Each structure stands twice: as structure tokens, then as C-alpha cells.
Amino acid sequence: MPKRDDIEKVLVIGSGPITIGQAAEFDYSGAQAIKALKSLGYRVVVINSNSATIMTDPEFSDAVYIEPLTIDFLEAVIEKERPDALLPTLGGQTALNLAVELFKKGVLCKYDVELIGVKPDTIEKAEDREQFKTAMKNCGLEVLESRLVSSVTEAMDVVREFGYPVVIRPSFTLGGSGGGIAYNLQELKAIVENGLIESPAHTVLIEKSVIGWKEYELEVMKDHEDNFIVVCSIENFDPMGIHTGDSVTVAPAQTLTDVEYQCMRNAARKALSAIGFDAGGCNIQFAVDTYTGKLVIIEMNPRVSRSSALASKATGYPIAKISALLAVGLRLDEIPNSITEQTTAAFEPSIDYVVVKMPRFQMEKFPGAEQKLGTQMKSVGEVMSIGRTFKEALGKAVRSLELDIAPKLDLRNMREHLANPTSERMSYIFAAFRNSLSVDEVHELTFINKWFLTEIEEIMNFEKVLRKKKPKDFGSLKKAKEFGFSDRELAEIYKVQEEEIRKIRHKLGVTPVYKMVDTCSAEFEAKTPYFYSTYNGMENETIPSKRRKIMVLGSGPNRIGQGIEFDYANVHAVWAFQEEGYEVIMVNSNPETVSTDYDISDKLYFEPLTTEDILEIAKIENPDGIVVSFGGQTPLRIARALEKEGLKILAANYELIDLTESRDRFAKFLKQSGLSVPPFSVARSIKEALRAAELIGFPVLIRPSYVLGGRAMAIVDHKKDLLSYISNASLISPDHPLIIDKFLENAVELDVDVISDGENVWIAGLMEQIEKAGIHSGDSACVLPPVSLSDDLIEKIEHLIYRLIKSLKIIGPANIQLAVKDDKVYVIELNLRASRTIPFVSKAIGIPVAKIAAKTIIGKKLSQLLLRYWPYSTKERLVKYEPARSGVLPTPWPEYYSVKEAIIPFNKFSGVDILLGPEMRSTGEVMGIGDDFAEAFAKAQLSADGISTKSLLVTVNDRDKREIVPLVSYLYDLGFEVFATAGTGKILRSMGIAVKNVFKVGEGKPDVVDLIRQGKIGFIVITQSPNRKTSAEINREAENSFADDERTAGYKIRTAAIQCKVPCITTIEAFRAEVSAIRRLKKSTLSVRSLQDIFYAQQNTLLKK
């Protein structure tokens, strides 16, 4: 069946910001699908609110709209673009929910838009828990006993029948949001209440518990002709009860018999038919009773999912690409397999290796959060590893996580930790076998399949054997590497340096070989160079070429501070080097990303980003240089070791990296260079820290070196706060000094992305943070161009940056953070790499910043590179292109405004206080573009938490009370209902605002929390008292969140707001911006414009000059 010719234009909905449960895998899927549709000649329109994505690059599609993912904005885009079809299966749960809403509201019918890939009734049947259960029963498949409820009372009735524990699953949600396992009435009430809020349908399924059963997933494909294949079987290492996103998973399934697998395969096919699935990829989850073999179907996702990305990378079968082609009418047997070039997509992949996916957690970023894992996902990222055996793949996965510090385990309560899994689950399992627990004992506590536990026991037993051997024992060393032990682990066992192990290995000839991922277990010759290492093989399948080569190091697992933005930069760097004729080798361990798509680079090595693994690849490939500038902190950390081993690091040598990453050295360098820095001191002990803080004067900012995302940074106001921080952080030592800076209160922070070619300097993006100093730039909203800087100040900033870049002799990208106070510019820090704001800046100015930065690294000159994009808008609206006298090339200054807003997953971590500080906690971002700041900010907020236009609650500290009066007064005049606590209400009332007083918690009923839960509050303005809390205090408050003392009153309001999805503003600056957005919304309807239209209009205006 040929492609459909009645369709010309297809609208693709993205998944929005990166958050827990919906991450970079949807950019990978979207980018693949867009490329596939374009290859068939279709026009493609994309709408997404997330600028940090390859799929929103204007070169990729015919029209890209970075707009809020709401029905109103989608309808506006549809009205303007008039697409023939809408493809909703590539944007996660967000896109599916929007597609259903567009259908129900008649928008698709009104504009004659066809839903392709999946039909509305199919989505309803798959996503509505009750409909799904009925459909499965009707086709003879067993499901878990369950009831759909819409109130706590109904849930209590169901539990009387089922008994505890029960699993609560909200409808139409992702990542298990709002769900959980209830073991008693108190937990039931709390989870059901939260689940009803999280569910768009306001229903939850109460399910009879099968905690401890084995969990499996099948990734399947189906076309219009009912051809069906299984792409990959995936087995969860952890049993039912832990969200699959938080579980270690293994592909292919290891403990299924062939009979069980065929039974599961047939069930999957029946399930697709039962819900009327049209064409594309689908993920189906099963549970199997370990003792009886009973099989039940848990749920299905009628779309490309997180597991689809994993299955694609695990097998080499591009699920998203083929899903898009099936959606427009092709059959599986009409789509060629691009890896073999001999088979078609109708051939089921066959793999002769084992893949392990391991989640990456960052619980330390959310003090006070529930640590126990359950049905609500908590991991922020993941890694994938490939080995010839489970043991080897497991070892590679563990080192891919890049965990710098071994967790402190509570071995005295080890059994309790095994029975109640946390993010440290795997460490406790290793510890259990080190402490001689048997497989049966660990199985009884964890319900993990004995096959997996036996494999781990064998690894731990062999570790004991190694401790009795010498490192030069060939047999032991060879077996250790086959079992997945890293050189670093062996060095710790033998009490020698890692370099010593490497030398012994090479001398004894114990080195890895590289095998190809080919979809067919070598049955056909593969054309695509996609490799993994193994010590369980003889033949090397990678053949190095004689071309000029560059090796690009990826960013590893997504984590807070190092997310999709760095993969975006890496992909652009790869394309830039390829354009200049280089063969590009990509090394990365993250299955969610575009960079690990096999057709992005010339060669892909799916390997851990460690010194050991990079050196082994370099030994074979012999690259001309290694690029560490685009992968965040991960590549920078190993640059020294790579350089020491003779590899050439392009653009940044270790000495320069160490100077900029070492807080004390860099601060001293700035001072010696005559550049302004806040007063500071270096402390190597608690005594020195206390003395330094007293000399500088409180408040002070405390910063360790070599951290990303503000890890372990804090602002402290008093001596007791400082002592609390140091004892809690355990970071200070002679080898790990802390920098104590004077905290610049009320300073304006600037984020600057800059590129240098060694001669000229180009400020690509000058961004102003909306919140004042003290909040990490990754968590603060920012605007480009700045809105409050004078011309003189801008000139001063440009001159300062030029001096700094030239004095450090930087070539390539850098990110500089500045603070402006009383018209004085202070340098806060410099990062010798591309920053997380690169994608945002690229979309804001219409120039691919990462590409330009990459080309300067290989000797290209900025003046020539930027000429291609001239004229671009500058502050002076220049018509002639030439460097300024200072050597600073014209800084882009768009005629429109762009705002970046952070997305923080507080809803996933109940009990966490939402107050922001110098340690980053956001996982993603959204972007708003408008003619003025107010419009851009309004769009950014609509993309994030939304904007309320009905009522607000105000409770602020004494210092902020006068500042809020005109802001609240304006909203009151617009018709907002204003609630306030006593002190704030008194000030507002004295200024003529009719305020409704509310009780604080513990002062009377109904109190402020009651009003929030009753839905009477649209948004909240609550500012922190001048006495800031340290992370230790926030942690203690969270653990004691039911106390009624005054200290926890604000905490209770903020946590209630998160639970009830009420936007909560915690700074005056953000409130001021929110009011400007509300004013703009009241004034007129917000427009929608594609990036192509924006850039074309701006360039046209300039050319007319």
C-alpha cells in the first residue's frame, strides 16, 4: 500500500517540557518521525513549548511553533496552518490527551483534520481504566481485579471488598503521577485525593495488589493490514509495585520460557485488536505470577513511549520513524531496514547480546521527600548498557550512572532496606551478598527473580576471590572483565591506582572487542556503524577509517543541571564537524537522546563515559581530537585523565578547565586581572569557614568546586546556619575547599553565552534573570534581550567579557554568570563549555549557536561564520557587519522577546518545600516568544503552571508588604478576589483593597490550607522571611510537616499548593512579571507565529534598511 496522497500537511504535537516520566525520549521520537515524514514529501508543522529540542529546530520542519500546549493555542495553529492530519503518538501523554480534547471539542471536525496513527476511541479505550478493563475481558484476556472511583468514599468501599494493600492508578496520567500503594486508610485517603487532582478525568482505578509478581513489557508494531511484530521484550528486574521507569530493566526478557513468551505475544496481538489500534508502535505491560505462571495484562500505551526509545536503541529498530511511516499508510513490508538494507520492517529484530537500563535518581535535590520507591516515578534519567552477558551489561550500567560517591549504607538495617526499596536498592543487594545473605533470603525480602539474584551473587562471590588474587593473574583479570568489573573497581579491590590496572591489562592482552548492533544477530551484513564493547568475544567488528576524525563525548544520563540541553548542543556539534568534512564518533550512554540515534554520527559507541571506556575506543579509532565542550560537566571531569594519556582535547586543556572550575583559583585570577568579584575567602576547615564568614559579613554564599546545577550550594545568614550547612554537607576538607562569597542581595543576575575564535568574541546571548540573585539560574525565569540594563551598562558588560575571554585565551563556547549591583558588574563564575541555555538562545536569535561554537574549535573564524546569518538584529539595528573596536562582534538583540521558564517536579516528591535557592532542582524548561516582555512571559507561564484570572492569596514577609500593594491593587481592580493572612491583609486594607482575611494553619477554621483544597484560590503569592532556611532546616521541616509551630505555616501552604496544582509564586520579582502577563492577557488575544515567520519578518525589516 503506497503512502497516502490525500494528505499534504501533517501537524505533530511535541511533549512539552522535560519532567519526570516524560523526558528526552520524545525529542528523539519526534525528530525521527519528522525526518521520516519529510522524506516522503509531506509538509510538517510542529508545535511544542520546549525550545531545548532538536524537533523544534526550524531547519527540521516547514513551520515550528514554540507555543503553549493548550487547546486554545493548538486551535489557533490549526486555523492558521490548516493541516490535513494530526499525528499525536509522538508527544507522550501530553499529545494524546490534547488530541482527545481537540476531538471532543469539535476542533478537528471544524477544520477537517484527521487523527492518524491512533483514533480517539482507541485512546479512550487504552487510557480510560474502566474501558480498557472491559475491552480486555471481552477478548478473553485476564486483568487485575479493580474498580474505577471518583471519590475517597467510593475508594473506601472498594477496599472493604479487596483488602489492603491496594494500588491506586489515576486515569490519563504519565509516570504514575498521583498514584501509589496504600497499606492503610490514612495512605488511601491521601493517595486517592492526590490522584483525583492529577487525573484529567478526575477518576482513579483501585486495583487489587499483585506486588511481587514479575513485570514484563512488549514493544510491538502493527500496520493497517494487521501485520504485527514484536520489536523487543523487556523484563523488569524489580517486581510489580515499582514503576517501570524506576526499575532496572533488561532486554530481551531473561526468565521467560518460550511458551510463556508466545502466550504473551498472542495476548499483545489480541489487545491491539480489542482496542482498535490503527497503526504504529505500542507498549503493553504484563504481570506474571511467579508461582502459578498466571498472566495478566496491566496497561498499554497506544503511542511511542519511554520504553520505545529504549527498545529502539537496544535493537537498532527505529520505532518512532516506522510508526510515522505506518501512520501515513505504508505497510511494514514496504519499509526497508536501514541497518541491513536487505530486510524490511516486517522482520522481527533478533539480538545476540543483553541490554540493561538503569534509572538515575537525585533524591538529594529534594530533602524531606519520601525515599521509598512505588508506582509513582521518581528517577530523573537513565542509562543503557550493552554486553554479551547480563553480568557484563550490569557492570557497565552501574558505571554509566556516574555516581561519584558510594552511598552510605545502613547495614545494621539492611533487611529493612531490602524489603522497602529506595534509590539505593541495587547497592543494598550488592551489600547483602557481600555480607553472605543467600539468594533465597534476598528473594524473600525483595521478590526479585532468583535468576537475577544468582547472577549478582556470582559477581559478589568472584569479588571475594579477587581479593585473594594478584592483579597480574591473567585468568582472574580476564574473568573479572567478562563479569563487568571496571578498572576503577579492580583498583579499589587490589589497592592500586586505576592506571596500574590498565597497564597490566594491556600487557596481558586483556582488551575489549567491539561488536555491532545490527537488528539481526549477524544473519545479514549490517551497514550502520553502531557498536558496543565486550570482553566476551574474539572478533573486532569495528573497522577504523583513515579519515580525519573527531570524537565527541556525550553528556550521559539526564540529571538535574545536565539534561536534554547538552544533548542538543552535542548533536549540533556533530553536524558542524561533519559539514567541515570530519568523520564524527559519538560516545554516549543515554538511550533517550537524539545523539544516540545511529544515523546522527558517522560512528556511535554506546558506552559508559569513563576514562577507561574512552581510552579503549580511542586506542582503536585514533581520533585527531576529542571534544569535551558540549556534554556538560561529564566530559570535563575526565579531560585531565584523557590528556594525561596522550589524547588531544580540542579547545580546552586541563589547566584551563581546572582554573575555571576551581572556585578559589578562579576567584584569585579574577582579582589579579582587575575584574570585580564579590568579597570572598577560601576555607579548608570549619574553623576557617566561620572566620571567613565573620570577616566578609553575613549573608554569605557557599560554593564547592567542580559541581553542576549548584550542587550543595547554600546562602546562609547566621553562624548557626553555617555550622548546620557544613555538618550536613560534609564537603569541607583540605583537598576540597569551600568558597565563602559575600552574597549580593537584590543584585540582578545575568547569564551570558559567549563564543571566541581566539581573535574576536561574540556574545550570542545576554539573558537577564527575572528573580534576583540567590536563585540558581537554571531555576529562575530569564528574558532575552534584557529589560532593565542601560546602554552604558551593556557596553561595560561587553568590554568586561572581552577582557575575560581574551585573558583566558578561550577558543570555543563559554558561559559566564554576572551580577549587577549599584551599576557595578561582578563576575560570579565561568563555565568552559556550552551551557544549558544554548538551545534557548539559538531559538531566540535564530542562529545555531552550538554549530558556530563547534566550528570555532576546529579553527573557523567567527566573522565568516556569522556572515551567513547577517543581517541579524542588534541593539543599534546595524546595517553594516563589522567587529566593534573592542573585538566584540555585534551582539544579537532581537526585536521580539523570549522568556525561558523552569519546570520543577515538586508534584513527584510529596513533602518537599518548593522554596528556591542556589541549588538547582528543575528538570526542564518552556519558552515563550512575544512582541513585548509581558506577552513572552505570559506564554511561558501558560506553558508551565498556567495563569489564574480569578483569585489570589497573598501572605508575604514584612519586607515585601509595601512592594506588593500596587500589584495586588491592579489585580483587585481587574476583579480578582483577594485573600490574605492577617498581617498582609492589614496593609492591603489600609490602601483601600477589600481583602478577605484567612486564618493561618492552627489559628482557626477554615484556614488557608482548607481554602486551597476547596479550590477557592487561583494562585498564591508567598515570600520567604529574611531568615533563609538551610537545606538541613528544610529537611527537618519536611520530616515534621504536621507540626503546628509558626515556622512550618508557610511550608504547609506551599505543599498544599503543589498537591492541589495551584501556582505558587515565591518572589516579588516573579509576582511583578505575573501581573504584567495578566495585564497583557486582559488586553488582547495572544498571537501565534512560527519561528520561520518570526525570523523571516525580522530579517526582511533589516534588509529594507
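Each Cβ is built from the backbone N, Cα and C atoms, and glycine gets one as well.
Keep in mind that this is a model prediction, so the values were computed, not measured.
The region 'Carboxyphosphate synthetic domain' annotation in Swiss-Prot covers 1-402.
Look at ILE242 (ATP 1 binding site): DSSP puts it in coil. With a 10 A radius on its CB, ILE242 (ATP 1 binding site) counts 26 other CB atoms from all the protein chains. Swiss-Prot lists ARG129, ARG169, GLY175, GLY176, LYS208, VAL210, GLU215, GLY241, ILE242, HIS243, GLN285, GLU299 with the feature ATP 1 binding site.
Look at Swiss-Prot and you will find 133-328 tagged as domain 'ATP-grasp 1'.
Under the heading Mg(2+) 1 binding site, Swiss-Prot lists GLN285, GLU299, citing sequence analysis as support. Long-range Cβ neighbours of GLU299 (Mg(2+) 1 binding site) (same chain, at least 6 residues apart, Cβ-Cβ under 8 Å): ALA126, PHE132, ARG169, ILE284, GLN285.
Among the features that Swiss-Prot reports, Mn(2+) 1 binding site is placed at GLN285, GLU299. For the recorded site, GLN285 (ATP 1 binding site), the DSSP three-state label reads strand. Around GLN285 (ATP 1 binding site), taking its Cβ as the centre, 20 other Cβ atoms fall within 10 Å, counting all chains.
ASN301 (Mn(2+) 2 binding site) carries a strand DSSP state (E or B). For ASN301 (Mn(2+) 2 binding site), the same-chain residues lying six or more positions away in sequence with a CB closer than 8 A to its CB are ALA126, CYS282, ASN283, ILE284. Look at Swiss-Prot and you will find GLU299, ASN301 tagged as Mn(2+) 2 binding site.
Residues or ranges marked as Mg(2+) 2 binding site by Swiss-Prot: GLU299, ASN301.
For the region 'Oligomerization domain' (403-542), the DSSP counts in helix, strand and coil order read 72 helix, 10 strand, 58 coil. The region 'Oligomerization domain' annotation in Swiss-Prot covers 403-542 and is backed by sequence analysis.
Predicted-model confidence for the region 'Carbamoyl phosphate synthetic domain' (543-945) is 89, expressed as mean pLDDT. Annotated region 'Carbamoyl phosphate synthetic domain' per Swiss-Prot: 543-945, in sequence order.
Summarising the annotation, Swiss-Prot assigns domain 'ATP-grasp 2' to 667-858 and lists sequence analysis as the type of evidence.
Look at Swiss-Prot and you will find ARG703, LYS742, LEU744, GLU749, GLY774, ILE775, HIS776, SER777, GLN817, GLU829 tagged as ATP 2 binding site, backed by sequence analysis. For the recorded site, HIS776 (ATP 2 binding site), the DSSP three-state label reads coil.
The feature Mn(2+) 3 binding site is assigned by Swiss-Prot to GLN817, GLU829. Here the Cβ of GLN817 (ATP 2 binding site) has 19 other Cβ atoms within 10 Å, regardless of which shown protein chain they belong to.
What Swiss-Prot records for GLN817, GLU829 is Mg(2+) 3 binding site, and it gives sequence analysis as the kind of evidence.
Annotation comment: Swiss-Prot describes GLU829, ASN831 as Mg(2+) 4 binding site. ASN831 (Mg(2+) 4 binding site) carries a strand DSSP state (E or B). Here ASN831 (Mg(2+) 4 binding site) comes close to THR660, ALA814, ASN815, ILE816: these same-chain residues lie at least six apart in sequence, with C-beta atoms under 8 angstroms from its C-beta.
For GLU829 (Mn(2+) 3 binding site), applying a Cβ distance below 8 Å and a minimum sequence separation of six or more within one chain yields THR660, ARG663, PHE666, ILE816, GLN817. The Mn(2+) 4 binding site annotation in Swiss-Prot covers GLU829, ASN831.
Summarising the annotation, Swiss-Prot assigns domain 'MGS-like' to 940-1101 and lists sequence analysis as the type of evidence.
Per Cα geometry, HIS776 is the residue among the binding-site residues ARG703, LEU744, GLY774, HIS776 nearest to LYS208 (ATP 1 binding site).
Cβ neighbours of GLU215 (ATP 1 binding site) (same chain, under 8 Å, six or more residues apart in sequence): GLU235, ASN236, ASP238, PRO239, MET240, THR244, SER247, GLN285, PHE286, ALA287, VAL288, ILE298.
Neighbour counts of Cβ atoms within 10 Å were compared across the binding-site residues ARG129, LYS208, ARG703, HIS776; the minimum falls on LYS208. Between the alpha carbons (Cα) of GLY774 (ATP 2 binding site) and ILE242 (ATP 1 binding site) lies a span of roughly 36 Å. The C-beta environment of LEU744 (ATP 2 binding site), restricted to residues of the same chain at least 6 apart in sequence and closer than 8 Å, consists of PRO678, ALA773, ALA819, LYS821, TYR826. In this structure the alpha carbons, written CA, of ARG703 (ATP 2 binding site) and ILE242 (ATP 1 binding site) are 36 Å apart. For the pair ARG129 (ATP 1 binding site) and HIS776 (ATP 2 binding site), the Cα-Cα distance reads 40 Å. Distance from the CA of HIS776 (ATP 2 binding site) to the CA of ILE242 (ATP 1 binding site) is 32 Å. Once the Cα atoms of ARG703, LYS742, LEU744, GLU749, GLY774, ILE775, HIS776, SER777, GLN817, GLU829, the listed binders of ATP 2, are compared pairwise, the greatest separation found is 18 Å.
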